[in-house]
Every structure is written in structure tokens, then in C-alpha cells.
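Here is what TrEMBL says about this protein:
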DOMAIN    A:1-392  domain 'Cytochrome oxidase subunit I profile'
TRANSMEM  A:28-53  transmembrane segment
TRANSMEM  A:88-115  transmembrane segment
TRANSMEM  A:135-156  transmembrane segment
TRANSMEM  A:168-185  transmembrane segment
TRANSMEM  A:205-226  transmembrane segment
TRANSMEM  A:238-256  transmembrane segment
TRANSMEM  A:276-295  transmembrane segment
TRANSMEM  A:307-329  transmembrane segment
TRANSMEM  A:349-375  transmembrane segment
Amino acid sequence: MVIIGVFSFEYASSWTFLYPLPQLSANAWGTAGALLYLLGMLILGVGFLLFYLDAGRAIIKNYGSLGKGLGWDVISGKKSEDNAPSSTVIASTMVIIVNVTALTAGATVLIMNVINVVNPAFTVDPLLAKNLTYAFGHIFANSIIYMGVIAVYEILQEYTKRPWKVNKVFLVAWSMSTFFTLLIYTHHLLMDSVMPAWMLIMGQALSYANGLPVLVVTAYGALMIVYKSGIKWDIGSALIFTSMFGWVVGVVPAIVDATIVVNEVMHNTKWVPGHFHMYMALGACAMIFGFMYYLARQDSHIKTNMADRFGFIGYMIAIIGLSGSFLMSGALSTPRRWATHIPEWMGPAIFGGVAGILALVATTIFVIHFIRFILIRNKTDERTGMNKKQLA
Amino acid sequence: MRTALYGVVLFMLLILPPVRHAMESVMIVHMLVQIPLLIVSGWLMAGYFQVKVERFFNKWNGNGAAGIILVVMITIYWMVPRTLDEALVSGHIELFKFLSLPFLTGVVLRDSWRKINPVIKSFIMFNYISMFGLLAWIYIDAPVRVCNSYLETDQTILGWGFLVITVGLILYILQNVFTDQSGSAF
């Protein structure tokens, strides 16, 4: 429904669908496109909600409560660190809490937009709508990295043959991120001068406090688990390890932009795409691609080759180039979301375009590897591990 | 069966004209007291129906899905402002209210709630949190009078009522997931 709404009915409010934009399109799109998109997003949310509720139910069943899933009984000293939940359970609990909250807020604002699209005379407070939209959107986007990091915790343990030990600092960091992720969406509203000042100050202060604890314990943990472990590097482990770098450097422009005085001049420039391309492509996507390579290695006899190594190096260079071009454009005050550029803005944009082509090539190599894995896996007998020719 | 009798007594009380008129004269009482009490009366009567027409329930509501969908649909219908107006001016709609809420919602809800999967139960709870939150927003923030029969101030009060219920549901969920549930049917 989202795809049909966007491509067939030319709905183009972007993911933010900020009220009253779905209805107020200046004839760029009509009711059908807006309704297809909004209801499609709603159904998507229902699917995710069912998934998170099931995962939450499993954690409560096994650990007693979501608090225990976050290791609060270990933090309070009722249980020893040796009996703490695994890092995967802790990260999953955090994501369940924040995303269920996000989806509930998102459903409310989506339906309100639907009502406004059907009956434009029915208007509501746009500032409350914006708050709810970002309470949904920021949390949901932010949680991607927290879901991806589960792959880092699990896969680096496999590669290094060392356990990723959970301690109290790790647990406190994840609990802090659980609370702060829910509260920091206001850093998207720093330019809304009508917002209460305390909410904006909270957005700045907690943005600093949110990103760093989990990032530091995870990046430091990754360095420690790898250090002198005799790890055998391949594309999967390299992507997973490099994702830590992407996360660390990608979060820096975000924290800079979450500073009110900086945000006033940088937020509507390409600085922000610079942040999220680095954070998502070099952080979250590298985790996902690393997981794909790990899965292929574990579940088949597929071998990586020169193309994959080229893909890895090309991907890293391309994303650094692409994100760097956005950040440079931002530093030059190039506005974002503009269809056309004046000549003075074109230098970094062209550089970014070339980097984007390299990123496309590298990603295609990753995808081809994964398709090859699926084809080989489908031909392999599950019981014997032999392919159909060998069985014959 | 005593519970079912309580349900019948409650239902009879609710249909008494003075009680009915008194409840329907105030918007928040109409929406957040009369309608829920009608559902409660059906819930209390459900035991009788579950025994008398057990085969019917087993055949048509085996896993509780059909019943819970019916419950959600009917409750959504009765949350729409226009239906409150229609119940006041149309005898048929008023009759539908007094039949649908106890017998198609209360009775069916009790039969379905014990049958549906815990994940679906949680989903239903979150669905109502979103819906009640939305209604709180609509009734508090609406720029127009949404019911002919009630004043704008009445709808604002109703909106705050919905907000209280939303907050209550959120607190219930929070205490449920953050207290020890070891050994429960989660």
C-alpha cells in the first residue's frame, strides 16, 4: 500500500508525514495516495507490534519481567553478574520497551492524519501531532542500531570464542538508553520555538546522555573481546567490527546537531543526512551485511572471493565518501531536501554521487553473495549437508 | 449462576427510564459509564450463555478470534460521536445499543478473552491504548462541536475522561510487565 501510494498516486510527504502535510499537498497528490500510505504504515505497525509483543512475552516468561530482562535484579545486587541475562536479551528488552511505546504513539497520530485527510475541516494541534510523530519516528529509527548490535554481541563471541560478559556498567548503560531513547525525540523539534523550553533543554542534555553509555560499553567491549583473541578475519567479522567504527563516528554529528545553538544553523542543512548515512550505512547496515556473511558462512560451504573483499573495502570508502560529502555540504550551509542546487553547492554533491555509485556496486556484490548462499542452501540436503548432485 | 443474576439485575437497572435518561443526559456518563456498565452486565451474564449455548460458542468462536473481532468492531462503533447522537434521537439505535453492548460485546468478550492467545490479548490492550489516546485527543482538541446533543464543554470533559483511562491502561501494562510474572500464563 505504501509503494502504491508513493509510486502510483505520487504521495510524497516522506516518512515524517507531518500533520497536516498528508492532506495539504497543494494538489501534488490526492486523498487516495495519502490514505494508502497512512493505512499502509498502520498495517506495517501492527505487524511490528505483534512481533515485539511476542518477543516481550517470551522474555517475561523466561526471566519473570522486562525489568529482569534489563538485569535490574543484578544492578540491585539480588543476583550475581554471572546470572545476568545475555547481552542479546538485554538489547531485545530495551528495543521491545521503546518500540512498543513508539508504535502506540505512531498509531494514534496516523489515525488522526487519516481523519484529517478524509475530513480536512477537522483540525487538531499540529505541535502535538509533530511531537507524537517524532516520538514514533525517532524511537523507531534509533532502535535499528540497538537491534543490529545484537548481531555484534552474538557474532563476535562466535568469531573470538570468548563470551561477551555482562557486568553492572553494561546493564546500567542499557537501562539509561531505554529511558533516554524514549525522551530525546525533542531534539528533532529544537527549531520549533513554540515548544516548552524545558523539553528542548531535555532533548539536548539527554541526547548527550543517551548515545554515549551503550556506545562506549559496546565499542570498548568489542575492542576487548577482539584484542589478542586470535580472531580469524573474514568479510563477516570485518563488517561487524567496522560497524562499531560506523556507530562511533556516525553518532558524533548527531550529538553536535542535538546542541541547540548548532541546531539553529545546521538542522536544515545536509549535515543531518551526513549523520544518518554514516550512522545507518556504516553502523546499522554494516551489522546487517556482516550478519548476512556470517549466516552464509555458518549455513553453507560458500566461499568469499576477491569480489567480496573489493565489496567490503569499496563499501567502507563509498560510505565514508558519501557521508563526508553530506557533512561537507552541511558545513557549507547547503540546504537539504532541495530539488535543485546552485553551482557553489555542486562540488561535494558530485563527489557524493560518485561515492554513491561505488556504494551501489559494493552493495550489489553483498546481495549477490547472499543470493548465491540461498541458492546453494536450497540445493543442500539438510540432514547430510550434501548437495543434490552428491546425493545422486 | 448467581453472577448471571447480578448481570440481569444490572441490565434491568440500566434500562429503567429514569436511570437511562439520567445517564444519557451527561456525555461523559453516557460514554464512559453507561456503555461500559452495559458491557459489564453482559460479562456477568456470560456464564449462563456459555452453559446454555456452549456448542454455538465452540462452533463459531472456537479460538476466540471471531468474538474478539466482533467486540472490537462494536466498541469502535460506540466510540464514534455520531452514534451517541443517534442513540438519543433514534429508538432503533438506542435498542441496538442495549442489545449489542451486553449480548454481542459483554457476553462474547468473556467467552473470547479466555480463549485468545496471550499475544493477541496484549495486542488488544495496546490497540485500545491507541484508540483511547486518539479519542482523548479528538474530544479535547476538536475545533467543532462533534455531537448535536451535547455541548463543547461536555466533549472536552469526555476527552479528559478518555485520557484518564489511557493513562490507567498504560500504568496497568507497566505494572504487569515490570512485576515478577514467573509462573503466570504469559
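Note: Cβ is positioned from N, Cα and C throughout, glycine not excepted.
Whatever TrEMBL says is automated annotation, not expert-curated.
Note that the structure is a prediction, hence the values are computed from the model and not measured.
As a quick check, the transmembrane segment (A:349-375) and the transmembrane segment (A:28-53) miss the bar of 3 or more Cβ pairs under 8 A, pairs 6 or more apart, so the two do not touch. In this chain, the transmembrane segment (A:28-53) lies out of contact with the transmembrane segment (A:205-226); the count of Cβ pairs under 8 Å, excluding pairs fewer than 6 apart in sequence, is fewer than 3. For the transmembrane segment (A:28-53), the partner stretch with the most Cβ pairs below 8 Å, chosen from A:88-115, A:135-156, A:168-185, A:307-329, is A:88-115.
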